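**Q** Take a look at the following structure, please.
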């Protein structure tokens, strides 16, 4: 009699097993035979498998058209801004180095867009290499011919003779025609390119630059929140033989447009005698973060148009650095121009490296502070600190 309960348990287990088998056999959710292949990482690329796509009769929705500076490219909390680079196809590997510097030190955390501009169409290699390196969206634009050619009022024979004379004098880029077109374009047109029109701020990046320190904040956000219009990391004196008549053109502009000259401006950075002469100080424009809205303003466009018609981009060799610097110095208030001491930077042959040892350690810098250019005799950064009554950073006096 003691075996009765045992048999009852066996019968109960058998009944439960039959019930489970019956439910599984009647289920409308079949177990996939190829479950192993479905779990392959290769299938994660598409949210819809190829077999599912074949059975989807509905036409696919068109992709959202992304335009530079649109809501599609500016996540919440990020400023409407872009990096911008003027480059040739042959610059691809040099600009690749620059992109890695910018991405590793800053943009991998922010994913800002990058606009590339060229007077010729970009080739596939340039596009593939740069797109693969930039964490944000990339855009490629061709410069309109009218922005990279001689305006009607320029005597091209006279311009050619000037290039030949400067070449004989061994003035750097003095005999270069393309360099003059580049300087004119950077001075008056890059911010008018259709790809740039929807952005508010830009950060200019050139081939073969280095960023020596981590950038632990968003410079674009600082510019916007503190109402800065222009910024720099290096400043120096311009080569006078390239700009002998530039200040005369500037003074003529100031006389014709006093409404464009700001009170509390940075004239003291540009001139030692209240504007009578130019001391040749300028911000080095191969690094600059600035306001595109300011460059597109009437005051700046009037300024560029006046200089452009005077012909110095071609009859001399006016650079975009003094052109931008003078504009900022006379048309902006001093507090609207910012010095980024924290952004350690190199462009041949000059280095900006923070003098504070603690800052270099905190920002994981790898620059040699003895190579810092800021406080050397040919730099104008001391003058910038002086006119703003700013205290020089720790360690600066040791390098003076």
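Placed from the backbone N, Cα and C atoms, the Cβ positions cover glycine too.
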**Q** For which of the residue intervals 20-47, 48-75 does Swiss-Prot record region 'Disordered'?
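**A** The range carrying the region 'Disordered' annotation in Swiss-Prot is 48-75.
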**Q** Just to confirm: which same-chain residues, 6+ apart in sequence, have a Cβ under 8 Å from the Cβ of residue 288 (active site, nucleophile)?
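**A** Listed in sequence order: 203, 204, 230, 231, 232, 324.
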**Q** What mean pLDDT does the predicted model reach across the topological domain 'Cytoplasmic' (1-6)?
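**A** The answer is 46, the mean pLDDT of the model over that range.
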